[in-house]
Amino acid sequence: MQQHYQFDAIVIGSGPGGEGAAMGLVKQGARVAVIERYNNVGGGCTHWGTIPSKALRHAVSRIIEFNQNPLYNNSRTLSATFPDILRHADNVINQQTRMRQGFYERNQCKLFAGDARFIDANTVSVSYMDGTQDTIRADHIVIACGSRPYNPSSVDFNHPRIYNSDSILELNHEPRHVIIYGAGVIGCEYASIFRGLNVKVDLINTRDRLLAFLDQEMSDSLSYHFWNNGVVIRHNEEFEKIEGTDDGVIVHLKSGKKVKADCLLYANGRTGNTDSLGLENVGLESDSRGLLKVNSMYQTALSHIYAVGDVIGYPSLASAAYDQGRIAAQAIASGEASGHLIEDIPTGIYTIPEISSVGKTEQELTAMKVPYEVGRAQFKHLARAQIAGMNVGSLKILFHRDTLQILGIHCFGERAAEIIHIGQAIMEQKGEGNTIEYFVNTTFNYPTMAEAYRVAALNGLNRLF
C-alpha cells in the first residue's frame, strides 16, 4: 500500500554531498528524508570510487614497499592478484558503510532505499525493487545523486573483458595485460595499481600530456615514473573501434595503430545521474553530460531545489561535495550560507607515488605575469625519507618575489596528499600570515617529511636578490 510522507527536506543520494546536506539539516532541527537508490548508504564514493580505489592502491603500495626495501632482504618476491587485493577493498567498504549507516540512524534521518523521481516541485516518488511506490513531500529538496562512468554507445560494456571504473571492481580473472583508455585521474590511478601488480599496462591518452591541469613539472614527474616502471603511454590517441574477442580486447586507434590486451578499462569521462529524476516534471534541465547549473548557494533554477556534488561538475571531489552539502544545508536553514568553498581547493591524486597540489601552477602564474620564485626540496635529501626508503618525490613552493606570499604548493611522492595540508594551512592565513618565511621561522619535528617545507623555503629564499 502506497504511503505518503511529509518532511522538511528531501535529500536524493547518500554520498558525501548528500551526507553533508542531511547531517547539516538535522543539526538545525529539520526532519530529513534521504533517498538512496541502493540498499547501502555511501554513494559512488564509498562503493565504486574513492574508497575502493584508494584501498586497492594502499594494498599495492605495501606490496611494492616490501619487495623493494632492502631491509627485508627477501629471497622471494611477494605477489598478489587483482582479486586478492579486492578483498582488502571490500573490508574497507563494509567498515565505511556501517559507520555511515550509523550517522543516519543516530541523527534520526529516515532512509528510503529506492529510485527517486520528481512528481512536482515539492513531491518526489520512491520506487522500490518490489514494484511498490511511496511519495514524499518537502519544502526543500537537495539533489546529490552523483555521477557514473560515461559509457559511449559504440563500446560493448556487456562484453566480459570490457570494464568501466565501476565494473572493474568485479574483475575476477588475472589479466597479464590491460589497456586503460583515458588518462585522467581515474585512469592514472588504475595504471599505478595494475602496474604495481606486474600487469602490463597500455595507457591511452586523448590529450598531449598526462593530467594537464597539474603543474607541468608534476605531470612530467608522473610521466617519467610511469615510463620508468614500464607503463606504455600513448598520447593524442582516440579509438576508432573497440573490439571484444574471446580472450581479450583489441583497440583500433584513429591513427591506424592497434593495441591488444586481456581486458580494457574505459575511464574517459563521467555523466551525472539525472536522467531518471524526472527533471522535466519540475522544469529543470541538465546539460549534455547530465549536470545541473547552480548559484553560489547551490540553488538550481528553482530556489527551493538545491544540487551538490558530482551532479554539478567541477571540482568533482568527495571533500568538496561534503562541504557543498553543508553549505546548502545552511542556506536552507537560515536563508543564506555563512560558509563557502575555499578558493584554493587541494587536489589529491592517488597514483603511486601520490600527487597533491593547492593554488596556482607555474604556467598559470607566468601567464598572469606574476613575479614569483620557486623553492624546491627533494625527498631523497630528507632523513625521514631515507629511513623509510621513500626517496622518490619532491615538494615545490611557489611564492611572490616581493611579498613572499605563498601562491601555490605542489608535491609528488609518498604521503603527498597529507603533506600538502601543512602548506595549505599557511596559504589560508590572512594578510601577512601567508608567508614563506613561516617555514624558516618555525620548528619542525626531526626527522619528518614535513621538514621538506623548511628545505624548500630556504631554497627559494636563497634565490632572491
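Cβ from N, Cα, C; glycine included.
From a predicted model like this one, the values you see are computed outputs, not experimental measurements.
Positions annotated as FAD binding site by Swiss-Prot: E36, R37, Y38, N39, N40, V41, G42, G43, G44, C45. DSSP assigns E36 (FAD binding site) to a strand in the three-state reduction. The Cβ neighbour count for E36 (FAD binding site), using a 10 Å radius over every protein chain in view, is 24.
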Checklist entry - In DSSP terms, helix, strand or coil for G42 (FAD binding site)? => result coil
